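These notes are about the structure you will find just below.
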Amino acid sequence: MTIPNTIPITPELIAGHGLKPDEYQRILDLIGREPTFTELGIFSAMWNEHCSYKSSKKWLRTLPTKGPRVIQGPGENAGVVDIDDGDCVVFKMESHNHPSYIEPYQGAATGVGGILRDVFTMGARPIAAMNALRFGEPDHPKTRHLVSGVVSGVGGYGNSFGVPTVGGEVEFDARYNGNILVNAFAAGIAKSNAIFLSEAKGVGLPVVYLGAKTGRDGVGGATMASAEFDESIEEKRPTVQVGDPFTEKCLLEACLELMQTGAVIAIQDMGAAGLTCSAVEMGAKGDLGILLELDKVPVREERMTAYEMMLSESQERMLMVLQPEKEQEAKAIFVKWGLDFAIVGKTTDDLRFRVMHQGEEVANLPIKDLGDQAPEYDRPWRESGKQAPLPANLVAAPKDYGQALLQLVGSANQSSRRWVYEQYDTLIQGNSLQLPGGDAGVVRVDGHPSKALAFSSDVTPRYVEADPFEGGKQAVAECWRNITATGAEPLAATDNLNFGNPEKPEIMGQFVQAVKGIGEACRALDFPIVSGNVSLYNETNGVAILPTPTIAGVGLLPDWRKMARIGSANDGDKVIMIGVDGSHLGQSVYLRDVLDSREGPAPEVDLFAERRNGDFVRSVIRNGQATACHDISSGGLAVALAEMVMASDKGLAIDLGEGKGAPHALLFGEDQARYVLTVPADVADFLCANAEGAGVPFRRLGTVGGTALTVGDLISLPIQQLRDAHESWFPDFMEGRGELAAE
């Protein structure tokens, strides 16, 4: 009994596949006939935003992607950066936004699984994960359910697979009510001379399917990820993939073992658009055709059509081009790990993508036009309007500074994330040196006495909305600053660019300006972008998310014994601020959460100052002079000091002294390129003299000691009172306790 592959191609079917009339006409011109149903599915998957980057490619090319340590930049499964001693770090961040809104547990879990596969496909063993999460406003009826499901999914997969979650972000805003963001990051370590790529080489070589069996889960997932949501969202539940972290753990071990044998010519994980995308990418990159025999694909459901097999996004699967003489050795490894191993095709020299099913050719398409020569758009865009200046004297000061600070540290967006990260295994593998809650996660490099890597993920969407160019710069600068605050040298970054509908010129303008800002900051800070992901159409019923270009970065610590933490100050240490006095209250959390206003421009990022101040701070830490360090970001100096007090369990006596400007601007201003350092009292004068000599602005703030944070006569808060406010919001919210949760 044959399975039908013939379905009439109607305008409704074409539109349902996300193809515009002009794109369908391009298909007709390209192949000179009507496509089969399977071919329509293949074009739909390969020409959508998720796989082709057709709206963003033009602008992504402007980003700096090279540097002395960059081994592999964008275009592969993940970026690769040299960390000395013949080792490299392999990392990437990507989104699983649309599936996680529809089915939060599986959407988030398979997001983690997908990014881990991207890393070990390259030959690297994963050593760290992070996730940047954005949810709707806390009192939206779906938010608590989504937070619970996503956090369980991230933890369930990462913990079972065995990778520590070392950092991330969780934020709430009404603009994410209809589209949450789940951006997952993973990093692994490999030998620099043993990196595996996806470019197929050689004609007539076997194309091998590895891993789990193919089912109907995730069919059309990539197409869904390239569309806006509307009222029919619940119908999309079947397009969410289902993950199994134990199978993935076996796949990791089998792949790394196979890579030792010299059998692998090219390897690609099956992610978006499954078998279609992995086969096309391998062939197109190597200027080769691919012939697939679907009757040989391992399936776990009956009567699957060619269309379903080609577009299934079942998890834990790989595609590989193999040295033919190593076939039996390779197969034995996968059988040992309980995984499928099937030769499902071969490479050809005709640049065609041909798919056979039940003896019939169901697809015969030009492979380059599906892959690296897919359509590309130069969409119309316009710049965002500038926000009017907002001098500090036009912003009301709080009646009670202590109360304002308690309100900030206990707010939805500034409170402790302990409830979240305690559900993640942060210590597995035994190399974690800094856990979530500080500036960056730090993980020791196995087999090396002193080397470690620092990881951070950052973006301030309210800044990007107010000024996409400065907001793009700030996301890069804050990531660079967080890594620097541990004493690490920032090496390279990965971007995850989440925006609304690019067909709207104002949204496309946000994207273009943010990418320009990211590029400028990366060039100024020698912080190249080596991998990334773009997620567009994050809109529901015409309401777009806040523009959210997440930047995740990696830094190198040659000696982790000289690393700085935010909570390691000693009694009697002196507190010194590096950078200018706070003055900028536009778009600050003080303005938003205390005064309920969202006005003013985003803070400007002076990249020269960012570099100068950061390099100075790093040298202080590496010279062993700093006992603690924390960067100043959302909430300004006051929140940074409060976080240090809570982390160290030691009070601070602060005197703003000669600070120029209004106290609320000094305390809550969100000016950039700033850090708080604590140093032994006998080092303070020396450090200040060095800062002066290097042209680095600084201010002596006070002394470590006592059991309270005091700032002149403005603030006097016992550590426990700060901690109670900081730690209570999240558990209260998740347990639905009273008014607190609805604030």
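Residue positions begin at 1 at the first shown residue.
Cβ coordinates come from backbone N, Cα and C, glycine included.
Going through S457, S531, S535 against Swiss-Prot, the one listed in the substrate site together with S95, H96, N97, H98, R117, Q241, E313, S314, Q315 turns out to be S535.
Swiss-Prot names K92, D495, G532 as ATP ligands; from the candidate set Y53, Y105, Y463, the record adds Y53 to that same site. D269 (Mg(2+) 2 binding site) and H50 (active site) are 15 Å apart (CA-CA, integer value). Using a 10 Å Cα-Cα cut-off from D495 (ATP binding site), the binding-site residues that qualify among E94, D118, D269 are E94. For the binding-site residues D118, D269, E313, Q315, N533, a Cα-Cα cutoff of 10 angstroms around K92 (ATP binding site) retains D118, N533.
Listed in sequence order, the binding-site residues from S95, N97, D269 having a Cα within 10 Å of the Cα of N533 (Mg(2+) 1 binding site) are S95. Measuring Cα to Cα from H96 (active site, proton acceptor), none of the binding-site residues Y53, R117, D118, D269, Q315, G532 fall within 10 Å.
Note on the binding-site residues E94, D118, D269, E313, D495: the fewest other CB atoms within 10 A surround the CB of E94. Within 10 Å (C-alpha to C-alpha) of E94 (Mg(2+) 1 binding site) lie the following binding-site residues from D269, E313, G532: G532.
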